[in-house]
């Protein structure tokens, strides 16, 4: 089955049957407007918020392990949200893509590069927190900004490798139903011919491979690793009665939960689209509503992190009194898992407090 045109990043371009494009025109029109509003909000908040995080972690804060994590997360989200106006224009033009094949490939590749880079960075951050709490002596001796930078480079390389299928399969083609309309779609068959059983089977198998890889590598495995890390952290803290810095831990849990809650519906609808063979009016209505909402929720995740950094862990009065800079400073402060060791704890606390007047730092 074809992927639906309701998401500008996942239109599959199966031209065998135009019923999916004709059904529920009014509903689709409404959801397209909703999509454009969501993408526009994500663009404004994402570019401004992540741009501010990049400025603070890159130029205003001391170079710490946390600063490197947060900086890379913000860069991934900033790059993605920067390209969102192309998605808005695509929907506004009735899924006509006037920007050429190269931008068609880049636009979608950037979207999933962001997804993979973000979830891999969240996994690295969780593992870092786990090591800090469970093996404090090792962390004190080996945990360094240089090691965090190397891990970040490895994350970007892995994310790009997993995004490469979109460089290969993303394509542009003329619509058989509308004159002078060019679609940006997933050409899994790498062919302009959409008829024939063999071609349909090739498209379906490659489509399945992409969706399954995306779910396993970009959701299931990272979620399992992150869950295991925080179970170890909770058990270690409860056993050793370690003091924890409440705000940084709350922020990290909030960021992780926001990512998985925002992306889970998207993966569900991706599986629903590729697995259902019989297209019914009810299914068309469900996909017409679900795909743009799930896509919009996933893309909104890229503008949520800066808001979480500021608002999580502070009461309302503190939010009103504190500046944005001091809020970010507290969010990105180092967390010590060695609070039972006074020297280590004081060292980590000093590192966290030294953030703002200095240089470059990230999560």
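Including glycine, each Cβ sits where the backbone N, Cα and C put it.
Values in this document were obtained by computation on a predicted structure and should not be read as measured data.
If you look up TrEMBL, you'll see 49-309 marked as domain 'G-protein coupled receptors family 1 profile'.
What TrEMBL records for 334-363 is region 'Disordered'.
Summarising the annotation, TrEMBL assigns transmembrane segment to 36-56 (among others).
Through the fold, the transmembrane segment (68-92) approaches residues 8-9, 32, 35-36, 39-40, 42-43, 45-47, 50-51, 53-54, 57-58, 99, 103, 106-107, 110-111, 113-114, 117-118, 121-122, 124-125, 128, 145, 148-149, 152, 155-156, 159, 184, 255, 299, 302-303, 305-306, 309, 331-332, 360-363 of its own chain, all at least 6 residues removed from its boundaries and within a Cβ separation under 8 Å. The annotation transmembrane segment is assigned in TrEMBL to 68-92 (among others).
According to TrEMBL, the feature transmembrane segment maps to 112-135 (among others).
If you look up TrEMBL, you'll see 147-169 (among others) marked as transmembrane segment.
Marked as transmembrane segment by TrEMBL: 215-235 (among others).
Under the heading transmembrane segment, TrEMBL lists 247-266 (among others).
The transmembrane segment annotation in TrEMBL covers 286-312 (among others).
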Fill in the blank from the handout: Given 147-169, 215-235, 247-266, 286-312, the one sharing the most C-beta pairs under 8 Å with the transmembrane segment (112-135) is 215-235
Completion exercise
Mean per-residue pLDDT in the domain 'G-protein coupled receptors family 1 profile' (49-309) works out to 88
